[in-house]
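**Q** Got these off Swiss-Prot a minute ago, pasting:
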MOD_RES   Ser46  phosphoserine
TRANSMEM  82-102  transmembrane segment
TRANSMEM  106-125  transmembrane segment
TRANSMEM  150-168  transmembrane segment
TRANSMEM  174-194  transmembrane segment
TRANSMEM  202-222  transmembrane segment
TRANSMEM  235-255  transmembrane segment
TRANSMEM  262-282  transmembrane segment
TRANSMEM  364-383  transmembrane segment
TRANSMEM  425-445  transmembrane segment
TRANSMEM  456-476  transmembrane segment
TRANSMEM  531-551  transmembrane segment
TRANSMEM  569-589  transmembrane segment
Amino acid sequence: MEKSKGRKSVSQATVENCMENPGLELMEGGNLEQRYTQEEVTQGHSLEDGLGHSSLWSRRIFQPFTKARSFFERHAGLFRKILLGLLCLAYAAYFLAACILNFQRALALFVITCLVIFILACHFLKKFFPKEQLRCLKPLENTHLNLWAKRVFVGLSVVGLILWLALDTAQRPEQLISFAGICMFILILFACSKHHSAVCWRTVFWGLGLQFIFGILVIRTEPGFNAFQWLGDQIQIFLAYTVEGSSFVFGDTLVQNVFAFQSLPIIIFFGCVMSILYYLGLVQWVIQKVAWFLQITMGTTAAETLAVAGNIFVGMTEAPLLIRPYLADMTISEIHAVMTGGFATIAGTVLGAFISFGIDASSLISASVMAAPCALALSKLVYPEVEESKFKSKEGLKLPRGEERNILEAASNGATDAISLVANVAANLIAFLAVLAFINATLSWLGEMVDIHGLSFQVICSYVLRPMVFMMGVQWADCPLVAEIVGVKFFINEFVAYQQLSQYKNKRLSGVEEWINGEKQWISVKAEIITTFSLCGFANLSSIGITLGGLTSMIPQRKSDLCKIVVRALFTGACVSFISACMAGILYVPRGAETDCVSFLNTNFTNRTYETYVCCRELFQSTSLNGTNMPSFSGPWQDNVSSLRNLASCCDLYTSTVCA
């Protein structure tokens, strides 16, 4: 150490005196480097010996853990099955306990469990019996049914339909008007067909038949009606959770009183949920099954059927994305079917907004599902296939999966994507309502010039569309109001139309008088259902630009074909909704037990309701004035001691000639 210090001091002195000696410095540097290298080697040997001993001890300590990990890796499949079996047993115990304690309370759990079991069963059948399943999935045109058997089937179907109509309409002959309406729309569309001789009537009749059968299951049968009523109630309960998020952001006052903060957030919530379901593959699975069923029955091609089936769940611009790789190679007839499906149905995201208006959820769901086969049928009636399609078999058609990497990203993207839809809806409502107000003001001004008072766009629609609405099955007294709504939907927007329908429904439920100063204030329940079906679609003039913009961005090379058929597809989609309304008019029957008005009026006079109005009207009709004497009553009110008191209470709420 002293020598080194000495050298260091000499060297430093040399540098300080500017008398450097390169040879001395080089020799000293070499000696230092050699010494330091020998020390590093010695220290390295000792470090390696230490690390060797520690590594040996660590291997001995962690050897049991390493063996355990390798054991679990070798038997990972077995442990996964054991864990899955334990979870299934635990869920089975929970499921049985819930059903035994209160089956009505566990009904939703029961339905979800049955759906999951059905999906798993289909998955295992496809996995273990692929050949047998593919044999069953062949379209019906490939089966060996001879012409005689087909004719017998068609004949039996026609005879069955005639017998059903004869027996069913014997009690309600007004339903024949709706049947005549279906025939009228089909004849009009056939007259407008592009190729009359190329119409495949099998596709047309199968589509209408499937729509009719589904309507019977949903509207007429008690289990089907209760199932869809229950489904609609569950969707309403589910959508009500939107209030929690919107109230936190906007506050309770805005959410309860302002439309934009009450209904539009539902679109964001529903878009988030749909994105999650799409990420999980449930939406694609349902679309493929619906498309397969429509294809084997109606004989349509795979690409157009997938798009139309997808329109049940997604909108007119999202459904073509499902078949985007195949759009360029599709025939004009197939593209026409895709367009018609978009115009004839509504998106799942806006379904929640319509339900928030107070529109019957089960009717909206039924109309959306019933529109799919009818859209394919009428599309092939208006624009039959005359080209050779490349998609006669569904092999090779794959629905795209979401690009999200996890479920949280899917939820976030779904909510974010819905913002543009919310902005679009809000902007359209502002613009179209303002335009409608301007049109009404202009028409009113023009009418005043020739002493025509109260002229408006709605009044014109009520006269022009009244015969068509009557052919759907609407009572003549309700036709003016329904015709107004249908005209607003086609020329303005379906949101405005559904909002107007909800106003009429709210008036009826709140017990407003049906006629005030000669003007009808609301429509009947049957008219509400028929109107709900007739409005269930995007077939309005503003949708032409949306459809052309979406499809042109995907297949710009076929812009001329798109522009050539878009108007034809628009009117076809509108007729799909009208025929669905006719189906509802044929199948509608009043439901629910009739109100015992005598007991009802004896116990319920707290506020105005629809039942209060009906019972008071019945009491007014049963009352006879006898000059200055006490009024007399007939029917169930004749021997009722409280009839006079109930009459006085009804006169406090409503006006009638017997109240004078």
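The backbone N, Cα and C atoms fix where each Cβ goes, and this holds for glycine too.
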**Q** Might you confirm whether the transmembrane segment (569-589) is in contact with the transmembrane segment (456-476), defined here as three or more C-beta pairs under 8 A between residues 6 or more apart in sequence?
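**A** The transmembrane segment (569-589) and the transmembrane segment (456-476): touching, yes.
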**Q** With a Cβ cut-off under 8 Å, give me the same-chain residues at least six positions beyond the ends of the transmembrane segment (150-168) that come close to it.
**A** 175-176, 179, 205, 209
**Q** Residues sitting near the transmembrane segment (531-551): Cβ under 8 Å, six or more positions beyond its termini, same chain?
**A** 315-317, 320, 327, 335, 338-339, 342-347, 359-360, 363-364, 366-368, 370-371, 428, 432, 469, 472, 474, 482, 485-486, 489-494, 497-498, 501, 523, 562-563, 566-567, 569-571, 573-574, 576-578, 580-581, 583-584
**Q** Could you name the stretch, out of 82-102, 235-255, 364-383, with the greatest number of CB pairs under 8 A to the transmembrane segment (174-194)?
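**A** Between the stretches 82-102, 235-255, 364-383, 364-383 has the largest tally.
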